[in-house]
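Chemist: So TrEMBL says this about it:
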- Pro32, Asn33, Gly34, Cys35, Gly36, Lys37, Ser38, Asn39: ATP binding site (BINDING)
- 167-208: coiled coil (COILED)
- 241-408: coiled coil (COILED)
- 541-687: coiled coil (COILED)
- 738-775: coiled coil (COILED)
- 982-996: compositional bias 'Polar residues' (COMPBIAS)
- 2-915: domain 'RecF/RecN/SMC N-terminal' (DOMAIN)
- 928-996: region 'Disordered' (REGION)
Amino acid sequence: MFLKRLELFGFKSFADRTRIEFSEGITALLGPNGCGKSNVVDAVKWVLGEQAAKTMRAEKMEDVIFNGTESRKALNVAEVTLTISNDTGLLPIDTSEITIKRRLYRSGEGEYWINNQQCKLREVRELFWDTGVGKAAYSVMEQGKIDQILSSKPEDRRYLFEEAAGITRFKVKRAEAERKLERTEENMRQVESILNEVKRSYDSLKIQSDKTISWRKLKDDIFNFELDIQLLRLKGFIQTRHNCESDIQKATENRSRVQAQMDAVNAELSEHMDEVNTMEGRLVEMQQKIYGLAIEERAKNEQNRLLEQSKRETKEKIDQLEIKKKALDEKIEILTEDTDEQEGIVHTLNKRLEEIAKNIVSFEENISLAGSRITENDRRAADLEKEIEGLGEKRLALQRQLEAITENIVTQLDAKLKEAGYSVQSAKNARDKIDTIVSQLKVLAAGRRKLFSDFASSGTQNDTGRFVQSAVGAFGEIEKLLASLEQAVKAYISVTPNFIEEFLSPEGIITQKRAIDARIQQNTAETDSKREKIASLKSQNSDLALKMEEYRVTLENLRINQAQMKTQIQSGEDQLRLLRRELAGQEAALRELENDLFNETKRFEDTDARISDMQEEIAGIRRDGVELTKRLEELEKTIVSKNSDVAGKREALKQLTSDIAKFQQQLEKAHLDLATAETEIRNIQDNFRDTHSRDLMEFEDRMLSVTMPPAEIREKLAGARQALRDLGSVNFMAPEEFAETKERFDFLSAQLADLQKAKDDLKRITEEIRAESTELFLATYNKIKKNFHNMFRRLFGGGRAELRLVDPQNVLSSGIDIFAQPPGKKLENIALLSGGEKTMTAVSLLFATYMVRPSPFCLLDEIDAALDEANVLRFVQTLREFGNVSQYIVITHNKRTVAGAGTLLGVTMEESGVSKLITIRLENDGEGNIILPAPEPFEEEDVEPEQGVYIPPHPPKRRKKAGAPDSARQDTAEQDDPGAAQTESTGTAPDQPSEQ
């Protein structure tokens, strides 16, 4: 991976669209002061997401847009496009080239693009996580940044180590987990609040339910007591009826007996009293009818009174039922609207739950696929290790052959030289001539470097022409010297004996040595290739593991949102069931009420009809009574006149008549009592039916089992009624409401337990991330600490350097102190070092970091400005060594640094205020552009790891219940919200494609 291309338009001084092509290795960017070299570095930082205007050397971000000159108008947009080669697959996008583009309008609106797809700033930053590239990484090093690293607070230096350790994504994940933990705790507080409120209702309804149950039991007792009293009354009147029927039978028998005596007397007077007897018979018949009519009239009047009373009571019930029906109609209408609304809410939640379930299945498949790829990579790496081991054995055999051939060469060469009488003086003369020509070439090379330095300090197109002319002349001198060098070499070869040709022949020993050397190089290349493949597989596995962890966290979030969504749906369905149950209850009550209203109305109409019939019957009885009374009076007068002549017999009959009258009176009284008993029996039955809507005769069997005295029953009835009054008002729906509240209380308790479980899981995730981050950071820190010490000794030619954690007990928040001891000085804080020493110390730290996690490319902005010539040589030598690992783009004025580059980029400002680019490719890797001193002997030293460091333990893995499938595991928390899921389903607000 390397920086391939940079396109600028309207950015700072690059008013025209400018395309900069970069190559691998070292590229030097040079030009006079103020021509816009640093704007190239600013452009790279800006397109990678830099948000601080001061970092861009501006007052506000809109200042990066070209503001115009005396001859040009200002532009309204700035655009920078960065193209990166991704052949190594370091970035998580499956393309060989990745293009990042940022655009800013003068109105303040901003846009980000990845491969021509508009995206958010967060996506750009996440793309470069843990690669060493980014606005907060170490891919851009400026003089000011070096001062910041060395002069800032110890805590501010952590970003270098965190980026190298690759824990940036862990910090973001930990922050997200902590935010979710806060939301889960807030949900727990809400559920606890609701639970406490429900608990109060639970306790209150429990008391009301018990009170209602007691009320119902008392009502049952009162009903039973009233039933027993009515049964005892009914039993008494039935007994009275039985006694009356017995008395009627006895009175009838006595009357019949006296009547027989009267018949005997009348028989004696038959001839005189036929007519009288007939009249008296009619008289008796009329009297019986009159008495019967009187009894019937009294009974009818009593029945009419009871019917009038029943009619009034029925009318009152009808009025009350009409009021209740109207209230129920209104309540049913409200409940129907609430039910329809709740059904819509539940339907919407179910659709969202289905979407979350589909996402869960997709992430589970991704995790499974990543796991399979890791297993396959591990297998391939193991096979490559075995192949490397075989190549190592072959290389050892070839090296043993090479040693034998080398020894043979020395032996044969010594013998051949002695036989040939080798001319030492001739060879010495040829060698002296070659040395003279090489010295002249070195002088010309120095002149070439001066030529490039002059070009670097010039800023016009005319200077470029003069540079080309001078370069052509210099290269002509070099060609002449190379021709002389070729003749000198031939002269040197001519003085050598012919046996050299034998050594170099196809069958010669030198050729054999070269063949073995070639095989060893091929073996080494194959080994290096396979090791690179192993490293690539391990890197892929690391990326796959990180992706699996991201998938798992996302999966856990989805499951949390799923649990929260299910909770909402369950709550909605519970509420819907409650509404439907209440609606059904109210509709049933309405049907029952309408049925009662119909029955009462019918009873009212029947009673009214019965009253009318009864009144007509009473009027008819009265008319019959008056008629009979008149006829009776007329008959009595006739009898008196007829009996005037039979006084004697009549006197006898008088006594008999008196006896009959007495028995008749007894008979009438018995009939009257019988009618009264019958009326009371009907009244008891009717009243019981009206009061309890039950037929009293249903309990006829119970009548015989009632043994308690009526007084005791009335006493218990009074006690039950008093207890009922003492209960006061009763909530008749309390038992049902209590059952529903208990169900909700149990549900909320279970939900609180689930949230507690989710909270524990989030704490475990946070602790796991903290532990892993600490281990990664500490391992990286100790490596950089060792590399820093050795790189410092290498660049300074000795001395020592240290890194120290300010607070070893808090690795993830501890600052980092830097101590340096150049040769001949005491170990001291870097604040006391000179400018050049500070720069070299910072360079040591930079390269020490690159030895652990190199950035794919690095921009160095005049960091060699404070270095002397010797330190510049060390810096360039080290830079060239790292040039095979990373791509370096160096802004410099130093001639030696320029001479070590493979490509030169010149920035000029032919037009005032507008930068222009010139590219010069040297077509080499910088090896011949500078004569470097031989590396000083250097031996690496071991450095003790940081001591007294606290490493937090990994939390224990959550144990699954026996037999529970993996899919049953739910970590919480989206529960998007119960309303989180609802943010759902991702848990974070989307970034805006702006400068924020």
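Note that Cβ sites are derived from N, Cα and C of the backbone, with glycine treated the same way.
Can you tell me where each of these features sits in this structure?
Modeler: Note: Asn39 (ATP binding site) has non-local neighbours Leu8, Phe11, Lys12, Ser13, Phe14, Ser915, i.e. same-chain residues 6+ apart with C-beta under 8 A of its own C-beta. Following the DSSP three-state reduction, the secondary structure of Asn39 (ATP binding site) is helix.
Summed and averaged per residue, pLDDT over the coiled coil (541-687) gives 82.
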Chemist: Where does Gly34 (ATP binding site) sit in the DSSP three-state scheme?
Modeler: coil
Chemist: To test your reading of the ATP site: which residues beyond Pro32, Asn33, Gly34, Cys35, Gly36, Lys37, Ser38, Asn39, same chain only, put their Cβ within 8 Å of the Cβ centroid of those residues?
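Modeler: So the extra residues in range turn out to be Ser13, Gly31, Val907, Met909, Ser915.
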Chemist: If you draw a 10 Å sphere on the Cβ of Asn33 (ATP binding site), how many other Cβ atoms land inside?
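Modeler: For Asn33 (ATP binding site), the count of other Cβ atoms within 10 Å is 9.
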Chemist: I want to check the contact list for Gly34 (ATP binding site): same chain, sequence separation of six or more, C-beta distance under 8 angstroms. What comes out?
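Modeler: Met909 - these are the non-local Cβ neighbours of Gly34 (ATP binding site), listed in sequence order.
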Chemist: Name, in the order they occur in the sequence, the residues of the same chain whose CB lies under 8 A from the CB of Ser38 (ATP binding site) and which sit 6 or more residues away.
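Modeler: The answer is Arg57, Glu142, Asp861, Ile891.
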